Amino acid sequence: MKELIQQLVETTGPSGYESKVRDLVIENISRYTKDVKVDALGNVIAHMGNKKPGGLSIMLSAHMDEIGVIVTHVDDNGFLRFTTIGGVRAVNCIGGRVQFLNGLHGVIFVEKLENANQVPTFDQLYIDCGFSTRKECPLQVGDLAIFERPFIDMGKRIVSKALDDRIGVAIQIDVMRQLKQTPHDVFFVFSTQEEVGTRGATTSAYGINPDLGISIDVTVTGDTPKSARMSVSLGKGPAIKVRDSGMLADPRLVQHFIQIAESKKIPYQLEVLEGGTTDARAIQTSRAGVPSGSISIPCRYVHSPSEMVDMDDVENAVRLILSFLSDPINL
């Protein structure tokens, strides 16, 4: 599974420009189902199963896009000013490297600050691509870049950019690989533009009109020095979401996942996320409403170029989702 994850995180795909990730996803899932389509917003929708009496239509969603930056100005000396695609923090950018969609590389740095201890704002940051004049620079307003960091295998844990949410994409692909039978119609959605407003999940949920919706995404942890008080840690199991800033998970789904985890002896955690949300927010409010929940992968340093997850959590998330899909669901 690590090889698949590495392929996914090393593929460029900022919000709205997910085509390379989409191609890789389709290449991998086409061996498990032939019922694959791409909708108008670029979401990949793969169907498995044949709903039996008492079965449900279930939508799973993991987003393909990653955070990045977009050029807003090129100055006379060839330096680039930029704004963000998704929830990027200025403090995480300084000294970082970016790669533009055309292959050019750049370094993010900060203007001289009056107080070296102050936290810079984005209007104080710039990108240096090695050019001396605006005429030399082939980049223009509107060009996008993603953060550039290598994939690191630390044994049980891995570090990379874009684990949010290529780890969810990898989990869905692995669930498809292992799903031998299900009484449900299962729609695996690999969504676009989650980082800029859960847009892909909004349109795909409307088109599928599922009975239940589940997002597979990352969540922050409370296990690092002076971190926010949060009862989620790396290596203690996938987190069953109770609440985030965009949704309240359906309590029946929360209890159903807890019962599965305890009966199958799958380690799990409960998640209350005070800032941020997932595709489940969009699914939940689609049409006349869809009971929705989320399975979260604990992740340190979310929305930085060096996100970290534990492979035990990833593998246990696959087990939990497979058990959820393999049996009848009575909420």
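Counting begins at 1 with the first residue displayed.
Placement of Cβ uses the backbone N, Cα and C atoms for every residue, glycine included.
Record features, source TrEMBL:
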ACT_SITE  GLU194  active site, proton acceptor
BINDING   HIS63, ASP164, ASP217  Zn(2+) 1 binding site
BINDING   ASP164, GLU195, HIS303  Zn(2+) 2 binding site
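Apart from HIS63, ASP164, ASP217, the Zn(2+) 1 site neighbourhood in this chain, defined by C-beta within 8 angstroms of the site C-beta centre, holds ALA62, ASP165, ILE167, GLY168, GLU194, GLU195, SER215, ILE216, VAL218, THR278, ASP279. Within 10 Å of HIS63 (Zn(2+) 1 binding site), judged by CA to CA distance, lie the following recorded positions from the set GLU194, GLU195, HIS303: GLU194, GLU195.
For HIS303 (Zn(2+) 2 binding site), the nearest neighbour among the listed recorded positions (ASP164, GLU194, ASP217), judged by C-alpha distance, is ASP164. The two recorded residues, GLU194 (active site, proton acceptor) and ASP217 (Zn(2+) 1 binding site), show a Cα separation of 10 Å. For the binding-site residues HIS63, HIS303, counting C-beta atoms within 10 A of each C-beta gives the highest total at HIS63.
If you draw a 10 Å sphere around the CB of GLU194 (active site, proton acceptor), it holds 30 other CB atoms from the protein chains shown. Residue with the densest Cβ environment among the binding-site residues ASP164, GLU195: ASP164, by other Cβ atoms within 10 Å. Residues near ASP217 (Zn(2+) 1 binding site) in space but far in sequence (CB under 8 A, at least 6 apart, same chain), listed by position: ALA62, HIS63, ASP164, ASP165, GLY168, GLU194, THR278, ASP279, SER294, SER296, ILE297. In the three-state DSSP classification, GLU195 (Zn(2+) 2 binding site) falls within coil. Taken residue by residue with DSSP, ASP164 (Zn(2+) 1 binding site) is part of a helix. Under the DSSP three-state reduction, HIS303 (Zn(2+) 2 binding site) is assigned to coil, being neither helix nor strand. The Cβ centroid of ASP164, GLU195, HIS303 marks the Zn(2+) 2 site; residues of that chain outside this set whose Cβ lies within 8 Å of it are GLU66, ILE67, GLY86, GLY87, ASP165, VAL218, VAL302, given in sequence order.
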